[in-house]
Amino acid sequence: MFGLLSKNKEGIFNVGLLEMAIALYPIIAGYGYGSFKLAFGFLLIIDVCLIGRMRQSNVSFRQLYQYLAFVVLHNTVWLFLLQSVPSYFVNSCIADVIYLVSIVLIVPHLDFVKLKNSIYIVAVVCIVGMIYHVLMIQTGHSIQPIKLPFMPEMGSQSRLYAYLDRPTSFFWEPQSYASFMLVPLFFLLRERQMLFAFLVAASMLVSTSTTGILMAMFMLAFFLLTQKQKIWYRVLGVAAIIGLVYFFLYSSFTSSGLEKLENTNLEENNRTINGLLIAQDMNFFDLIFGVPFANLQDAYEAGYITRNIIVMADGIVFVSAFWVCLCCQGLIGLFFFMNVYWGIFKQNKAVSPYLICIIISLFSNPDILGASYVFQLMIMYVFISYNQKHDEQLEYSNSYEN
């Protein structure tokens, strides 16, 4: 299996320390030492190691720089406008800068082939963990996310600590698992490794993540319908989709995911409706620049939100990333935020299948700037860099032959 996953001479074990660290980052980000969260702390450690070895990249970060400038300006103004500045807002401002700067610092040092191989290795281990969780659930056991060795113990207040009835492998929630596995699925489909792509997609279905299920199906359908490929690849792709649909509908391993999908009412789901309701309640100034609070939870508790939004049992307001950006950073911030994705698309359209899935997930994932955002953008920028270098080498080779 490992030999088929890579076309380079060294095989899948051609990896680097930095690339493996980034491949593990979505899992490591769930841990922390007290208030020092590894979501930004791990990146900060890498940044310090790389700060003296700056490299130029062949990809453009122009839109990302623009968004970084806006975030710094917006947060600075809010520090003076807020009646009281909570410490968690200051921490969030610092973390936002670390997230965005880390992308620019780390991406030029990443080798695409080594990063891809590292992600494949992590994906294989995560699939094994997913199988273990499924078997535990099938035998009536409660489960917890599988703890990484040498990581700090999970405190009782940690999201990782909770006992679950849905498989998550090493991740703290099914959607996090599905979001990570979308990367190897994208790479495998581009390499036409249909069997392994099928296995990855099947593991995403088993996770019971509604978003993961939809993204896996979309990714398979996109490659099947849009990519130029031989007829037998298309036949194999159709067979894979039919097999996955059958597996999803009739397997006991995915019954909870099917039940969850059937019971999801988009008109009443807090992931899709809360943000819209809050935006409709905002005045013109706030709609342009964002609500005058540290976050939407503070806005709700202060009585700013008068709509009857859906609140979690513990009093937490759940709003997806797209609406968080609009409500907290206004239309101006939303423009710069989405413009980053547009800049990525303009540089290389081959990233489109993965990029579209990421944009779709903005309406279910609550995190704007965080570990998922950093990991996703690193993947896309490194992919673009590799493709551009490959195209330049091909163009040079053709001109030399002529």
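For all residues, glycine too, the Cβ spot is worked out from N, Cα and C.
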I'm validating the feature mapping. Which of 30-49, 170-189 is tagged transmembrane segment in TrEMBL?
170-189
I'm a bit unsure how to read this: which one of 64-82, 196-225, 316-341 has the highest number of Cβ pairs shorter than 8 Å with the transmembrane segment (119-137)?
196-225
Establish whether the number of Cβ pairs under 8 Å between the transmembrane segment (170-189) and the transmembrane segment (316-341) reaches at least three, counting only pairs separated by 6 or more residues.
no
Top Cβ-contact partner of the transmembrane segment (64-82) among 88-107, 196-225, 316-341, 353-384 (pairs under 8 Å)
88-107
Near the transmembrane segment (88-107) in space but 6 or more residues beyond its ends, with Cβ under 8 Å, are 18, 22, 35, 37, 39-40, 43-44, 46-47, 50-51, 54, 57, 59, 61, 64-65, 67-68, 71-72, 75, 78-79, 82, 294-295, 369-370, 373-374, 377-378, 381-382, 385
Same chain, outside the transmembrane segment (353-384) by at least 6, Cβ under 8 Å from its Cβ: which residues?
22, 25-26, 29-30, 39, 43, 57, 59, 61, 64, 71, 95-96, 99-100, 102-103, 106-107, 110, 112, 115, 175-176, 179-180, 182-183, 186, 189, 210-211, 214-215, 218-219, 222-223, 271-272, 318-322, 324-325, 328, 337, 340-341, 344-345, 347
